[in-house]
Amino acid sequence: MLLPPPVECPSLHLHDTDTVRLGLAAVRRLDMLAMCCGAVWSPFYTAMSARVESSKETAHATQATRSTTSAEDLHAHDSTGAPTSDAAPVDKDGLTTANHAAAERLVSEKPKQTWRSNLWDTLDKSPEERKFLFKLDTIVLTFASLGYFIKYLDQVNLNNAFVSGMEEDLKLYGNQLNYMVTCWTVGYVIGEVPSNLILTRIRPSIWIPSCEVLWATLTIIQAKCSNSTQLYVLRFFIGLAESTFYPGMQYIIGSWYRREELAKRSCIFHAASAIGTMFSGYLMAAVYHLDGVHGYKGWQWLFIIDTVISMPVAIAGFFMLPDVPEITRAWYFTPDEIAIAKRRMVLEGRANRAPFTKAKVKRIFKSWHIYLLTLLYILFNNGNGYGGQPAFQLWLKKEGYSVSQYNVYPTLTSAVQVVSTFAYAWSSDTIFKGSRWPPIVFSAVFNFIVYVSLSVWNIPHGWKWACYLLAGLGGGISGLTFAWAHEICKDDNEERALVTGTMNEMAYVFQAWLPLLVWQKVDAPYYKKGFIMEIFIAVSLIVTTFVIRSLHRKELLQKQRELPNVDSGNEEAIVPVETASEKTV
């Protein structure tokens, strides 16, 4: 931990070295205690940290390079408080040249790869970078996974509440559930792109948790609704608030991790959705026993428990989210670690935040990136899941399985999705050396086989079981598509934010109307139109993947001609050049 310089204030004198050292030692002890306990800073430490931080701006002080800085360095100021000529210079981010030099020494341009990297990519890195990544993974992935889990829990629990008494209590006899889902989807679609663009201007550690607090509050209000109109309004604003989370967290993940790390983190994050789907049914079964407690119905308790789970996660985001490397002020990172984070993104060629200009917007919409990457995600998102219909459950019900069986057995498909998500991520980052297209094509081929079989329908009972389970293989590539988008758009931070937001937004636009045409409940359990559409989507996904790969390779070859000394051993291992006219700030 770097020692801040002494500052002048009524209760602390520049030449009182013992007082300075004791005070800073106390701060360090609190730092270590909070890190060990996983606690949030106490008010005392917050005040002390703010005083130390402000000293860099108001007292013209310099930072030492490490906690072993000698006592003499603390006196490297003249009588006016200005730094002497031998004090270390500090840049606008509060980092010294020693911090940057250490980062250049500790972070390799081409990280070495041994068999240990196939298990986890940090094992071959320097101890300092490994410690930094441990902190980053612990905080970012935990918050991202918990946040996505509670988001999916809310989405799925509306259906659970509807079939567990809400329909009868509120007299919702008709298409009211469909309208609620539509209201949520409209809010979600409207909010995604603006929210991702806001993240390039407002700190994510403020914007994302604020929206989480809003949706957690609106969720518990649903328990007091007495008619469908109230639910329509609430579902719209819940969708609007939730629209920030998935594309926003993908943007943050893409701002911190290198190519060989990105797919695993994106897919771990996405796997939380399948876990949320599995958990929601078990939660409903447990919460329903609270029916009548304190005068609330079981379905009302479901919304209450949702908020009880969601609110602590949302509030933690204000303290835990590290923003992006160029503006981070995360309390758990040392200056050396912040320098490491910035160095890593420089080596990846990932652009910093920059103003929106007319030329930038024009360039984004003239590029194939926004159109083909959006199409790729539309095909993925609508290429699995039966359009929201419980196809597997309805088939099991028709076959005579019990209520508990046809509610539990379909969770096996979610389990297959979780396992395949991790398999795709690890293989992409290791076996395929950072290439994203092989697992995407593999999943599409399996989808083709599954839905051709289901469209035939009259197939052996065991194979039909296998098809419903193996359908989970198609749901594990979401993180890969976003990882690919981050890499393709890495030259422009604003393009990356806009493209990833548009991908998720347009996927939900199609999801709002397409299932109404081909996944009609009257066709259950043999959704012939739906199965045939899935075959078409699988083929289109394969074609689109190869087109994107071809166009991306052309871009990389062009960059290689501009930068002939750049190593192109991997088709995506090109560091972009910043031209004078497009240099970011």
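Cβ atoms here come from the backbone N, Cα and C positions, even for glycine.
Over in TrEMBL, the protein carries these features:
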REGION    56-93  region 'Disordered'
COMPBIAS  60-71  compositional bias 'Polar residues'
DOMAIN    140-552  domain 'Major facilitator superfamily (MFS) profile'
TRANSMEM  267-289  transmembrane segment
TRANSMEM  301-321  transmembrane segment
TRANSMEM  368-386  transmembrane segment
TRANSMEM  437-457  transmembrane segment
TRANSMEM  463-485  transmembrane segment
TRANSMEM  531-551  transmembrane segment
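At the 8 Å Cβ threshold, with sequence separation of at least 6, the transmembrane segment (463-485) lacks contact with the transmembrane segment (301-321), having fewer than 3 such pairs. For the transmembrane segment (531-551), the residues of the chain that approach it from at least six positions outside its boundaries are 368, 372-373, 375-376, 379-380, 382-384, 437, 440-441, 444-445, 447-448, 450-452, 454-455, 474, 484, 488, 514, 518, 571, judged by C-beta separation under 8 angstroms.
For the transmembrane segment (301-321), the list of distant contacts is 40-41, 139-140, 143, 146-147, 150, 153-154, 157, 160-161, 164, 204-206, 208-209, 212-213, 215-217, 219-220, 222-223, 252, 283-284, 287-288, 290-291, 293, 330-331: same-chain residues at least six beyond its ends, Cβ to Cβ under 8 Å.
Remote same-chain residues near the transmembrane segment (437-457) are listed as 376, 380, 383-384, 420, 423-424, 427-428, 463-464, 467, 470-471, 473-474, 476-477, 480-481, 484, 526, 528, 531-532, 534-535, 537-539, 541-542, 545-546, 548-549 (criterion: CB distance under 8 Å, separation of at least six residues from the stretch ends).
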